[in-house]
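Student: Before I ask anything, here is the structure I am working with.
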Amino acid sequence: MTQLPPPEQTVLKPAPPELASAPLFDHLEELRRRLILSVVFLAVGMVIAFTYRVQLIELVKVPLTYSELYTTGKVQLVTTKLASQLLLSFNLAFWAGLTLALPFIVWQIWAFIAPGLYPQERRWGLPFILGAGFAFAAGVVFGYKLVLPTMVPFLIEFLAGTVTQMQDLQEYIGTVVTFLVAFGVAFELPILAVILTRLGIVNHTMLRQGWRFALIGIMILAAVITPTPDPANMALVAVPLYALYELGVVLSRVFRVIAPEEQERPAPMS
């Protein structure tokens, strides 16, 4: 009788010593402590932001100053509810406070998960966190400095001669904040490409072959974000986004998961 080969056994990597030696209660207590510190940092950031709420509102209103209708008083920002100013101040303080506290909150998250990682994972973890933070900040600055000054005046001046405009302050600021957050997330594209590559979901070959679809999607997104008919403004958004896609392809190749047979392949003789 032919004997069947023994079934393959999955060899699990042992847990890091720091993680294996700590009981569950200690992990929960550590999580509780990190959450409390994160909430404290957020509260401090909100208090600081609320103190400068007037300056923050003026900062968000800067893109309006590029519109002649606003500077000449033909378009005004108004509030339509009694508590709108108070609610708006708290809402703006939350987002600004979260922005101020985010580095400290991310550090608390990293300090909690780092003991459960292997040394090679810890080596790349902190640079990725810093890179993600820098990319998000770059996206926010890019949207605020280059895109909003074009988009906001165009939307305000569209059909300006046929309607009388009184823009709701809360809706305007909500739109600006949402737009800036979206641009910050869009600039995380290279980081996302690396994460998906390390998880084995995509690889650099797939990303390279899909560049046409990515370009079409980016052009459509740029047309939506910048509704002006000027191709230069559309290119202002599309070119950086596609450059980020190409950067993601390069990083996907650099941080690709190397197959075992490729690791064991001997180097060619010189």
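Cβ coordinates are placed from backbone N, Cα and C, and glycine is handled just like the others.
As annotated in Swiss-Prot:
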- 35-55: transmembrane segment (TRANSMEM)
- 93-113: transmembrane segment (TRANSMEM)
- 124-144: transmembrane segment (TRANSMEM)
- 176-196: transmembrane segment (TRANSMEM)
- 209-229: transmembrane segment (TRANSMEM)
- 231-251: transmembrane segment (TRANSMEM)
Student: Top stretch among 35-55, 93-113, 124-144, 231-251 for CB pairs under 8 A with the transmembrane segment (176-196)?
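Tutor: Counting Cβ pairs under 8 Å, the winner is 124-144.
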Student: So which residues does the transmembrane segment (209-229) touch in its own chain, when a touch means Cβ under 8 Å and the partner is 6 or more beyond its ends?
Tutor: 147, 150-151, 154-155, 179, 235-238, 241-242, 245-246, 249
